[in-house]
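Report on the structure given below.
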Amino acid sequence: MERKPLEVESTDHQKPSSAVYDGSATAVDSVEEEVQETKLVYRGWKVMPFIIGNETFEKLGIIGTLSNLLVYLTAVFNMKSITAATIINAFSGTINFGTFVAAFLCDTYFGRYKTLTVAVIACFLGSLVILLTAAVPQLHPAPCGTALTCTGPSGGQIAFLLMGLAFLVVGAGGIRPCNLAFGADQFNPKSESGKRGIDSFFNWYFFTFTFAQILSLTLVVYIQSNVSWTIGLTIPVVLMFLACVIFLAGDKLYVKIKASGSPLASIAQVITVAIKKRGLKAVKQPWVNLYNYYPLNYANSKLKYTDQFRFLDKAAILAPEDKLEADGKPTDPWKLCTMQQVEEVKCIVRVLPIWFASSIYYLTITQQMTYPVFQALQSDRRLGSGGFVIPAATYVVFLMTGMTVFIIIYDRVLVPTLRRITGIDTGITLLQRIGTGIFFAFLSLVVSGFVEERRRTFALTKPTLGMAPRKGEISSMSAMWLIPQLTLAGVAEAFGAIGQMEFYYKQFPENMRSFAGSIFYVGGGVSSYLGSFLIATVHRTTQNSAGGNWLAEDLNKGRLDLFYFMIAGILAVNFAYFLVMSRWYRYKGSDDEVTSYETNGDVIKQQDKNKV
């Protein structure tokens, strides 16, 4: 599919125009040279109430629906904890992989605004269906009470539940890769204030995201667990409706980038042509001799030649049989590509090893969103002497709190301080930020192992506080001991998650910004499926072992601490791998790209050492 010039959707206050990228621009305010210039109005932070407001209410709604879903499946749908955890991991993974499909449809056909419109409506419908499973008695199994064996859900009840989850997959899958990029589209990337606005927007976007999670994991979860599931699930439905209204209210104010064709076609062309021309002899000065053609209104910034992945260079070797049009454009893009196309593919290939390490990192967050809930169920959750019991799912709020508080500290204190020391606008490089997140994730898992060992020891050696339904005795260890591991995971997210999102956004070609958002979530999907695989494998391997099942229904009979230490070991190896890949990585548009000069007939190449 041939790519069209990047265009901006017309609104009542602006005429149709073609936008041209400049450098790291998201959307710019110029048109084709032969067309009268029409200035776009970038409202920046003025339009953020609609975008961040939608994001806040959407997250309050969807997280309010999903944050307590683990308990909902065990308490209302009478599922075993390992079954519920597997379903949650698989569901999370499916949402994350759905972002890739949504990004393709967004960039190729619909554009970000239309994709987001469909997505927020789908989220509303999904939360409504989940509400009905609680409100209508025929849509969930009979209450189990204190019975040891319970009636499971029927096929029809499971089908209706899955329909609600499917709507949420469509909704969340569309929102996640597009919302952040759509927000960045509202800033003028040519102005210094616009560039600073984009950088700060990433931090504050995640701040509102985690703030919404905190409210969902406290107020909404408490109502669901202690008042009524029906009332507790009605709140997210109302919030999702408000999210739809707020987002659509800003319709006339947004800068809307139209879809410009599939960016995957160019990638496929480079790989295909490189394979076809693999027998050609490499040129001596590729930065000079490779064929290059840069369309007048091309969406992406110009890239210099880099000498990594040189096998791809052959796609841009002009052979005698290759034909060009009058303006220099290749007649057949499946027989000849440009150096620009090749360098864009190199940008993507360079990101993949970093993406893989980041995907493994997310194993920590996957586990900290599930098993601490079960740990809390078998810990002392009493608060004070008034008899108030904190809902088990609420403890995950400390992960969000750690992230939220640290984002403020990072954006307002650390970045300005580090900027003065390093001279880097962002304080530290993006890869340093991601690597720091991986390190804190490793610490979180190590602390988790020691805390679980302490909880289990208390349960086995000291008086207990009764029995948790269908699980085991409640340890006298305070569930507040879970706070350190969750806070460390939150700090890891403040470094790792935000660093990854900004890294992908800036390192991908401009016409693949939605894909850049999607691979962040696809990485989370990989870790969710890997987490499910590890849980199933460890459960199957250890259930008949002499030491007992590590992941037993009753944690007191299991060894969850060893499971945490095992994942920590995986993270340690992954961290070492990440350091190697970071040393090798070259940032897009950085000064480590190849430059050259000639002396005495010999070509000398100079390049700066890559800086992590």
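Just so you know, glycine gets a Cβ as well, placed from its N, Cα and C.
Copied from TrEMBL, the annotated features are:
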- 1-15: compositional bias 'Basic and acidic residues' (COMPBIAS)
- 1-22: region 'Disordered' (REGION)
- 60-79: transmembrane segment (TRANSMEM)
- 85-106: transmembrane segment (TRANSMEM)
- 118-138: transmembrane segment (TRANSMEM)
- 158-182: transmembrane segment (TRANSMEM)
- 202-223: transmembrane segment (TRANSMEM)
- 229-250: transmembrane segment (TRANSMEM)
- 347-365: transmembrane segment (TRANSMEM)
- 385-410: transmembrane segment (TRANSMEM)
- 430-451: transmembrane segment (TRANSMEM)
- 479-498: transmembrane segment (TRANSMEM)
- 519-542: transmembrane segment (TRANSMEM)
- 562-580: transmembrane segment (TRANSMEM)
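The stretch from 158-182, 229-250, 347-365, 562-580 with the most CB pairs below 8 A to the transmembrane segment (202-223) is 229-250. Note on the transmembrane segment (385-410): residues 67-68, 70-71, 203-204, 206-207, 210-211, 213-214, 217-218, 221-222, 224-226, 365, 368-369, 372-374, 376-377, 479, 482-483, 486-491, 493-495, 497-498 of its chain, located 6 or more positions outside it, place their CB under 8 angstroms from a CB of the stretch.
Segment contact holds for the transmembrane segment (479-498) and the transmembrane segment (347-365), given three or more CB pairs below 8 angstroms at sequence separation of 6 or more.
Counting Cβ pairs under 8 Å that are 6 or more residues apart, the transmembrane segment (229-250) and the transmembrane segment (118-138) reach 3 or more and are in contact. Below 8 A, the CB atoms of the transmembrane segment (430-451) and the transmembrane segment (85-106) form no more than two pairs separated by six or more positions in the chain, fewer than 3 in all.
Against the transmembrane segment (519-542), stretch 85-106 has more CB pairs under 8 A than any other of 85-106, 118-138, 158-182.
Scored by C-beta pairs under 8 angstroms, the transmembrane segment (85-106) has its highest count with 158-182, from the stretches 118-138, 158-182, 562-580.
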